[in-house]
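Everything below concerns the one structure shown next.
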């Protein structure tokens, strides 16, 4: 395969379809009611490529009819968790457009439209169920129908020929995707452009980390990483396409250990890739069930990222021969750290090939260095690294400051020690800016609240602890105070991602005046 074409992911797909088209790329569950699936449809590379071309003709025809020129950014608003969501994204690229991946958890129209403007998007394509999020849209819009309802023959005409692969093989610096960070900054996620070079680096070098350097006689079968509106699942797709591996989709991301057994026995699943919160129940099952333990022990890798598992579970897995692998990554840079060999998974080391630096962490609030007994280090990706993001995402020194902290061990490995700011993570690894929520409450509830603190690391939703003024709780019930706070937060919540919102009064806790640690 021509080296220049290999750097274009559509060229890679066409090449694989031609030369190894019978290789299975996806295994999709056949769902019948609420019962766990027992059968999976196998989709080969050739079948996937043909479906991409069919849908690409449709979207190209529709976009041209709406005056959207090739190489335009096109926003797609959907869950990203369905097979057809991936088809639509790759079909847009096949038709010479640049998808901007917009997850369904963004529900405020103003935020969505602002993100479209930042990416230079010309139109929004959306899941029909998300129509309310496109209200008063200043851009053209088009609902995405199920791909099986698309009649390609009705759109074929003299102008319907797809671009040649050579025409798509643009320069390394050309953007081929826009992604969004998983948490809001100043009320909005950051727009992260991915270039052709950046994407090819993912599948040509980075995906080898997922394979941990070992070769097997049978196909690598990876558990799906979930919504392609996040970077990890699209890396997984490219990597599996490039290496001849396949992706196995479960009925849902939080599935039972019983279904895991079926995934292994029926689909040949041999590499787990998930969040720590979704892995933990299977580890608990393995502690009680020898069959579940054997299943995890025989996996080629059990990798997780974004959200850790407990130290106790990590140690137990290490002692019981479960091949755990922790992966530290960012939307902007991809994978930067991976588990060091011969130790529990939480002990990590930088991945080969990146250029990085660890600087001592200084508390910018007080200007004082952190205590010497726990030397925290900031991870910085240097400008000459192959995975360096676009200039607009870099600091003034030309490097990328991750904002994450690590503690170096005597053997040279590193332990992740959280972030250097006030962020926490939800249970599925999405960031929450607790400081922004606290500041808003102090602003809109200044007559009611003396102080507040937002907590909930690795929980489904943040929780709010309020120290109310004595006069507030003497004139209104606790439930009444909670409801009043929620009403005053409505406008703020509307602009936040779903996982960042506090909308349930059961997640608000009133403490006596003087009992909130941050305010005493």
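The backbone N, Cα and C atoms fix where each Cβ goes, and this holds for glycine too.
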Of 346-396, 397-447, the range Swiss-Prot labels motif 'FACS': 397-447
Distant-in-sequence Cβ neighbours of residue 182 (ATP binding site), under 8 Å, six or more positions away: 189, 230, 331, 429, 430, 431
Secondary structure content, the motif 'FACS' (397-447) (per DSSP, counts of residues): 11 helix, 22 strand, 18 coil
